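Student: Take a look at what TrEMBL says about it:
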- Glu74: active site, proton acceptor (ACT_SITE)
- Lys173: active site, proton donor (ACT_SITE)
- Cys206: active site, nucleophile (ACT_SITE)
- 25-301: domain 'CN hydrolase' (DOMAIN)
- 1-16: signal peptide (SIGNAL)
Amino acid sequence: LLHAGLFALTVLQALASDTFIAAVYEHAVILPDPTDGPVSPSDALALMNKNMDVLEKAIQEAAQQGAHIIVTPEDGIYGWKFTRESIYPYLEDIPDPVVNWTPCTDPSRFGPAPVQERLSCMARNNSIYVVANIGDKKLCNSSDPGCPSDGRYQYNTDVVFDPEGKLLARYHKYNLFMVETQFNYPKEPEAITFETPFGKFGIFTCFDILFHDPAVVLVSKMQVDTVLFPTAWMNVLPFLTAVEFHSAWAMGMGVNFLAANTHNTNLAMTGSGIYAPDGARTYSYNMKTEDGHLLVAELDAHPRLSLAFPPAVSWSSYALSVERFSQNDHEFTGIIFHDQFTFTDLTKPEGNLAVCQKDLCCHLSYKMAGKRDDEVYVLGSFDGLHVVEGQYYLQICTLLKCKSTDLDTCGQPVETAQTKFEMFSLSGTFGTNYVFPEVLYSGVQLAPGEFEVLNDGRLISKTKPTKPVVTVTLFGRWYEKD
C-alpha cells in the first residue's frame, strides 16, 4: 500500500506540472579482465553487480532529489572490451515490452534475467523511470538467411523500466560503431517511443545521433518531447566533444536531450548533460578525475509549447543575401578530423570575412576584445562526405582557434584560448535544414544564454562573451544526400 501510495503521488505531481525533473549519471565503469574466451555466467553476473551497485546508489540519490527519470550510460553495466564470444555470458533475453512484464515481481517468467530483475527493482523501489543499456540475445536458425553462424543475434540494447518496475521500452542500436563487432544491428531501424505523465519520450544510442534513422525520425515524424541517450562518447575536438555536440543537437532539433556518458579518461570518454532547446540546463565535462557524476535538472515537459522554444530557422536566408566574396589572398586548406576544410585567417581585430567550399559559403562578422600575437583564429568551410568511422554528408561553418601561430596547425584539437571577442555573427548558405549551433569556450565550457540563432540563420553572440572562445560552429548534417 505504501509503494502504491508513493507511486500515485509521483504520478499526480507529474500530472499537476508542466515540468519534470530529469537525471543522468556519468559512470566510471568497472571493466572485466581482458579475455578472448567467455567467462562463466556467475563471473559475468558478479562483474555486472559491481557496476549495478554503483548505479543503484546514483538512482537512489536521484530519486531523493525528486527526479522522475534517470538515464545511465551505454556499456555502463559490463564495459566494451569484448569479442562476439566473450560477451555472450553477459547477455539476457529481453522480451518485447508488449508482454506486460515486471521482472522485479516475476523474475523467472522468461528464463534467467537477474540484470533485468535488479534494474526493475531499482525503478520500483525508488518510484522512478530507469534507463539502462544491456545486451540482448535472440536465437535464430538456418531458415533465416541473416542468422549468424553461431545461431543467435546479439544486440546493443537500451531498456526502460517505469516507476512500478515494468519493462516499458526496448531499443536495439541500429548504427553500430566500427569496433562493435560483438553485436548485430536489427534488420530495420526501430523508432521507439513511450508516453509518460510528463511528455512523449524517444530513445536511441550513441552513434545513432549522427544518422537520420532513428534520430531524426523520432523528432521530426514521431514528435517526441524528450530524447534519452545512453552513450559511450569519445570526445573529438573541435566539433564532436560530447557536451558541445549534444547541446547543439538539442537546440537544432528542438527537443530535451538527456545524455549519460561513460567515464573513462584514458579513452577521452566524458561529457554528460541535460539539455533543452534553449541551451544546457546542466552538464559535466571532467578529464581530471576517474569518479562518476550525477546531474539533476528541471525541464519543460512539452518544450514546443514553451515560451522559450526557439522559432523556426531558415538556415541559409541571411548568407544567401550577402554578396559572394571573391577569393582572397589568405585562403588555404587544412584538415579537421580527416576532412579538408577551406580556411581564411582573421588578420585584423575586427571585420567581415567569407570563405567558400563548393556550395557552402560561410560569413563571419566579428570584433575581438584585443588581438593577440600569440593566437591565430580562422574561418573555415567544409562541404562534403565524411568517410572516417562511418560515411555521412556534412556542411560546416566554423570560427576556430588554431593550435599555434603556425597555420598548418589550424584544425588540430585545442581546449584552451586567451582571446575574448566583443561580438561574433556566423552564417552559411546551407543546403540542409539540419544545422546544429555550437559555441565552445576555453576549458571545454559551454555558453548557455550567451548566444542565439536568429530566424535568418545567423548564430550571434547575445551578450559580450564572458570567456575566451575556442570555436563558434554551425554543424550541418545533410541527411538528404546520404
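Here the Cβ of each residue, glycine as well, is placed from N, Cα and C on the backbone.
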Student: Taking only the Cα atoms, work out how far Cys206 (active site, nucleophile) lies from the residue listed as 'active site, proton acceptor', in Å, as a whole number.
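Tutor: About 8 Å separates the two Cα atoms.
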Student: May I ask for the distance between Glu74 (active site, proton acceptor) and the residue listed as 'active site, proton donor', taken between their Cα atoms and rounded to an integer number of Å?
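Tutor: Rounded to a whole number, the Cα-Cα distance is 10 Å.
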Student: Would you mind checking how many other C-beta atoms are within 10 angstroms of the C-beta on the residue listed as 'active site, nucleophile'?
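Tutor: The residue listed as 'active site, nucleophile': 25 neighbouring Cβ atoms within 10 Å.
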Student: Across all the protein chains here, work out how many other Cβ atoms are within 10 Å of the Cβ of Glu74 (active site, proton acceptor).
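Tutor: Glu74 (active site, proton acceptor): 26 neighbouring Cβ atoms within 10 Å.
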Student: Relative to the Cβ of Lys173 (active site, proton donor), which residues of the same chain, six or more apart in sequence, are found under 8 Å away?
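Tutor: Within the chain, Lys173 (active site, proton donor) has Cβ neighbours under 8 Å at Tyr155, Asn156, Thr157, Asp158, Glu180, Phe183, Tyr185, Phe204, Thr205, Cys206, Phe207, Asp208.
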